[in-house]
Every structure is written in C-alpha cells, then in structure tokens.
Amino acid sequence: MALFLTKIDPTKPLIQQGPFDCILHKLYDSDWKQNLQDFASRNPNIPIIASPESIDILRNRISMLETVSKLKINNTGVPKQITITEVTGLENLKLNFPLIAKPLDADGSETSHKLHLIFDKDGLNNLTAPFVLQEFVNHGGVVFKVYVAGKYFRCVKRKSLPDISEEKLVNLKGSLPFSQVSNLAAAGGGEGCKFEKTEMPPESLVKELVEGLKEELRLNLFNFDVIRDGKNKENYLVIDINYFPGYAKMPDFESVITDFLRDVVHKDINCGDN
C-alpha cells in the first residue's frame, strides 16, 4: 500500500483541506488547537497524532517525569529534582551537587535547550527562573535513547556527560553550559567513559517502560532517555522524554515509521489521541 504525505496549511481550517486518513502534527498554539478540535468534532474516526493535551505533559519538565514515577516499575525511577520559581532563598535546596539546571518549559525553543551543569551554590546566581534543578547522577558517560513509534521501539546508546567524582567536584566551581561540557573531560574534570563495553539495558525492562509510558502519556510517537545509576547498576533512571523526536538517528527508521503509519491507517493500533 502506498503512503502519501500531504502538507497541511495550519493557517486554514482543516475541514477545508484533505481528505485525510490521519493527521500528524507538532504544533502547539491555541489557534491550531482550536483547528484540531473543530476537525475532530466533525471527523471523530480520523486519528490525530497527537492530542494537544497529551503533548502538553511533555512540554513541562516536572509533569514529564511524573509520568515515570506513576508507573512504579521495579529498578526504574527519575533523579531527584525540584522547581525553582524565584532565584532567592536557595540556601537549603536539599539536593546534592553537582546539579543540572534545565528551563521548566520543554517547548522546543532555543531557550529550552540551554542546560547548565551546576557545581556549587555560586553557579545558581546567573540562572533565569523558572527552571528545574535535577541531581546529576554518575552513569558511566552513556545514555540509552529509546525511540517509540506505536508498537515498535528501538534502543540505542550514545555518549553522555562524563562522570564527576567527589574528589574532582572539590575543584569545580560555578556552572558550565552543556555546550562546554565536552571540555570538562579534556580538562580532567570528568571520569573516563568505556562506551563500547557498556551493556544495553535489559530488553524486558525497556519494553515495560515503553508500554507503561505509552499508556500513561496516551502517545505513540516519542522517545525517552535512560541512564544506568553508577551507584547501583541494577537501577535505571529516565531523565528526559520528547514528543515526536527526530527519528533519523534511529536504526531502520524509514521502515519503522512507514509500518507505524500503515498501522494507524488500518486502525491496527490504538492512537488514543482523539
């Protein structure tokens, strides 16, 4: 069966375009949401991937990881984190340095990607609220990226931030943008990474996370990042979830996405999106 992708004009009513077998989108503004709602009310059997309400969960870095905590899957969790709404009274954070500072909104904007590694309290001074502070967890310098497309998923490993020992932390001051973290290892601030020898997480655990997040988020197109806790090799922490990511780096992405879209058209999967 041939698949045809038709570009939608978001400035025009969807009911004046088409016909469509499904709608695939990554837009968030209020006018677009209303456009989708009008279309869905007249075409309840046409899948919309995905519902704005489901997407919105992943556009906030607190609600994003709360979905993982709700799953209660053995040997999984999230790093300890808090929301900072004002850059005052940060003396008693009840978090252990180093920390990762992330903008609260994960809306795909340039600002949302400006992350910092914080080594001490002085490193918090130049941050703009609101933001999330998340404890940095040593994880061998490897992150596992899990790509999900309906009933299909792939897990790959990628190089990540280097480990930071307590001895090294004493000599690290202030903060460092993620764009400069690669210089940390070169300067001797990070522990080495044995990337090639790093084992993948158990497939059964990855599958359980995939199925649990699909049900909790009511999404079919997303990826999530997982790290192995350096203090307990049996534990895995989810540190990020993204809606409709770039799939080009996923193995066999052309066939996976094609099969996924065919499943949607044939109603072989439950989109749960409208």
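Glycine is no exception: its Cβ is also placed from the backbone N, Cα and C atoms.
Automatic prediction, not curation, is the source of TrEMBL annotations.
Taking a C-beta cut-off of under 8 angstroms and a sequence separation of 6 or more, Lys145 (1D-myo-inositol 1,3,4-trisphosphate binding site) has the following same-chain neighbours: Cys155, Val156, Lys157, Arg158, Asn223, Phe224, Asp225, Val226, Lys249. Feature annotation from TrEMBL assigns 1D-myo-inositol 1,3,4-trisphosphate binding site to Lys26, His113, Lys145, Asn242, Gly246.
Taken from TrEMBL, the feature ATP binding site applies to Arg61, Lys102, 134-145, Ser160.
TrEMBL lists Asp225, Asp240 with the feature Mg(2+) 1 binding site.
Taken from TrEMBL, the feature Mg(2+) 2 binding site applies to Asp240, Asn242.
The domain 'Inositol-tetrakisphosphate 1-kinase N-terminal' feature in TrEMBL is assigned to 5-55. On the 0 to 100 pLDDT scale, the model's mean across the domain 'Inositol-tetrakisphosphate 1-kinase N-terminal' (5-55) is 94.
Annotated domain 'Inositol 1,3,4-trisphosphate 5/6-kinase ATP-grasp' per TrEMBL: 75-262, in sequence order.
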Original post:
What are the DSSP helix/strand/coil residue counts across the domain 'Inositol-tetrakisphosphate 1-kinase N-terminal' (5-55)?
Top reply: 20 helix, 4 strand, 27 coil
**OP:** For Asn138 (ATP binding site) and Asp240 (Mg(2+) 1 binding site), determine the Cα separation and express it in whole Å.
**Re:** 16
Subject >> Between Ser160 (ATP binding site) and Lys26 (1D-myo-inositol 1,3,4-trisphosphate binding site): CA-CA distance (Å) >> reply: 27
Original post:
Among Lys26, His113, Lys145, Asn242, Gly246, recorded 1D-myo-inositol 1,3,4-trisphosphate binders, what is the largest CA to CA distance in Å?
Top reply: 20
